[in-house]
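Novice: Heads up, here are the entries from TrEMBL:
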{"type": "BINDING", "residues": "77-90, 287-299", "note": "NAD(+) binding site"}
{"type": "BINDING", "residues": "Arg97, Arg107, Arg135, Asp224", "note": "substrate binding site"}
{"type": "BINDING", "residues": "Asp224, Asp248, Asp252", "note": "Mg(2+) binding site"}
{"type": "DOMAIN", "residues": "5-359", "note": "domain 'Isopropylmalate dehydrogenase-like'"}
{"type": "SITE", "residues": "Tyr142", "note": "site 'Important for catalysis'"}
{"type": "SITE", "residues": "Lys192", "note": "site 'Important for catalysis'"}
Amino acid sequence: MSNPSLLILPGDGIGPEVMAEVRKIIDWFGAKRGLAFDVSEDLVGGSAYDVHGVPLADETMAKAQEADAVLLGAVGGPKYDDLDFSVKPERGLLRLRKEMDLFSNLRPAQCFDALADFSSLKRDIVAGLDIMIVRELTSGVYFGEPRGIFEEGNERVGINTQRYTESEIERVARSAFELAMRRNKKLCSMEKANVMESGILWREVVTRVGKDYPEVQLSHMYADNGAMQLVRAPKQFDVILTDNLFGDLLSDCAAMLTGSLGMLPSASLGAPMANGRPKALYEPVHGSAPDIAGQGKANPIACILSFAMALRYSFDQGAEADRLEAAIEQVLADGVRTGDLLAEEGVAPVSTAQMGDAIVAALDASL
Ligand code: NAD
Ligand code: IPM
Ligand code: MN
C-alpha cells in the first residue's frame, strides 16, 4: 500500500519558517515511528502570485483535492496589500477552504500549564483551560452574495452578505455535537439572533439538531456576550459553535487565553472521502506575521500542533498525536520559549529552529 499523501503549502512570511520545523517533526515520525508520508510541497498566497500571477494555481488546487491531508503555513503580507482583491494572497486560502468544502473548522484553545502565567489574563482564569471552537468555514458573510463595491448615487457602497442555508448550519452543528459527545458533552452556540435573521435560523437549526444529541447540554449565547465571557470566565465553555466571521474573531480572542497566538492550531474538515477520512486542511490560526518574518523569531508550535491534529483526524494516529503534544508540553515545562512567550526580563528567547530542535529532542526522549 502506498503511503498517505501530505501536501505542504508553506505560504508567506513566517509560514515557510514554521513549516521548516514541521518538516523536522514529519521526518522524525518517518524515521523513528515508521510513519512515512508522501510529502509534496507547493505554493499558495503571495508566493504563488509571484510565480503564477494568482494566489492558488489550478494545478495546486487539484493536488489539494487529491491529497489525504493539506498542511498550510500562512498567507499574506504588506508586499501584496495593493493587489487587486481577486488575486490577494488570502483569496488562495479561501479558495482552498471553499472548493474542498471544509465546512467545519476546529480551533482548540488549550492552556499548557507552563504557560498559565504568560496569558494576559490571571493564572487561575486560564490554568487547565481546554476548549474547542467550531467555526463554520465555507459560508456566511465571507462568501454570501451580493458582494462588492458599487456606485450608488454620487458615492460608493461596500456590500457583503451574511447568508446561511439550513443545511449549512445543520452540517456544522452536527460536527460540533459529535465532537461534544467525545468531550464534555457541553456545547454553547453563539450568534446574534437578537439582531440578525441568519442568527434566528442558526439558533433554530442548532436546537433542532440538538434533539438528536439529548446527552449534550446545549446553551445559546449572543456572540458579543460570548466574547466577554471568553475573557471573563473561559472555563465555563467546552465546545463553542459559531459562524464564519464570529469564529474568526472569537478564536483570535481565545488565543490569548493560551499565552500566544503562536500556540493555536486548527483543523478544517469536510465530508468523508472514499477512504472514510474527512477532506482536511491543517493550519495555524495565526497569519504571516510580517512584523517578525525573516528573523527566526516565530513560534512554530501552532503549526506543529496542527500537524498533531492531522495525525489525529486524518491518519488515525491518536497515540502519536498525544506523543507530539506531550513533547511540546515537556519543552514548555523545561522553560524553552520563543520571544512571543517571554514575560520575564533577562530570559533569552530561543529561535524558531531551536524550538523545533527542542521538540525533536523531547520526542527522542519519549521513546
Ligand atoms: P498575524 O497573525 O500575522 O500577526 C498578529 C500578531 O501576532 C503579530 O504581532 C505577530 O508577530 C504575532 N504572531 C503571529 N503568529 C506568531 C507566531 N507564530 N509566533 C510569534 N508571534 C506571532 O495577523 P496580522 O498581522 O493581522 O496579519 C498579517 C497577514 O497575515 C495579513 O496579510 C493577514 O491577512 C494574514 N493572515 C493570514 C492567516 C492565514 O494564513 N491563515 C491568518 C491570519 C492573518
Ligand atoms: C484565519 C484568517 C483568515 C480568515 C484570512 C487570512 C482569510 O484570519 O484563518 O483566521 O479570515 O479566515
Ligand atoms: Mn483570523
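Heads up, the Cβ atoms here are built off N, Cα and C, so glycines get one too.
Any TrEMBL annotation is an automated prediction that lacks curation.
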Novice: Mean pLDDT for the domain 'Isopropylmalate dehydrogenase-like' (5-359), as a whole number?
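Specialist: Here the predicted model's pLDDT, averaged over the domain 'Isopropylmalate dehydrogenase-like' (5-359), is 96.
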Novice: Considering all pairs of residues in Arg97, Arg107, Arg135, Asp224, annotated in the record as contacting substrate, what is the maximal C-alpha distance expressed in whole angstrom?
Specialist: 26
Novice: Note the Cβ centroid of Asp224, Asp248, Asp252, the recorded Mg(2+) site, then list each other residue of that chain whose Cβ lies within 8 Å of it, in sequence.
Specialist: Ala223, Ala227, Leu245, Phe246, Gly247, Leu249, Leu250, Ser251, Cys253
Novice: Rank aside, I only need the closest one: which of the recorded positions Gly77, Phe85, Arg107, Lys192, Lys297 has its C-alpha nearest to that of Asp252 (Mg(2+) binding site)?
Specialist: Arg107
Novice: Go through the binding-site residues Phe85, Arg97, Arg107, Ala289 and pull out the ones with a Cβ less than 6 angstroms from some atom of ligand 1.
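Specialist: What lies within reach of ligand 1, judged by Cβ under 6 Å, is Ala289.
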Novice: Return the residues near Lys192 (site 'Important for catalysis'), defined as same-chain residues 6+ apart in sequence whose C-beta is under 8 angstroms from its C-beta, sorted by sequence, else 'none'.
Specialist: Gly199, Tyr222, Ala223, Asp224, Phe246
Novice: Could you tell me which of these binding-site residues, Arg107, Arg135, Lys297, has the greatest number of Cβ atoms within 10 Å of its own Cβ?
Specialist: Arg135
Novice: Fewest other Cβ atoms within 10 Å: which of the binding-site residues Gly77, Pro89 wins that one? Let me know.
Specialist: Gly77
Novice: Please go through the binding-site residues Phe85, Arg97, Asp224, Asp248, Asp252, Ala293 one by one and keep those whose C-beta falls under 6 A from any atom of ligand 2; give the result in sequence order.
Specialist: Asp248
Novice: Looking at the recorded positions listed here (Arg107, Arg135, Tyr142, Asp248), whose Cα lies nearest to that of Pro89 (NAD(+) binding site)?
Specialist: Tyr142
Novice: Which binding-site residues out of Gly77, Arg97, Arg135, Asp248 lie by ligand 3, going by a Cβ under 6 Å?
Specialist: Asp248
Novice: Whole-number Å distance between the CA of Ala293 (NAD(+) binding site) and the CA of Tyr142 (site 'Important for catalysis')?
Specialist: 27
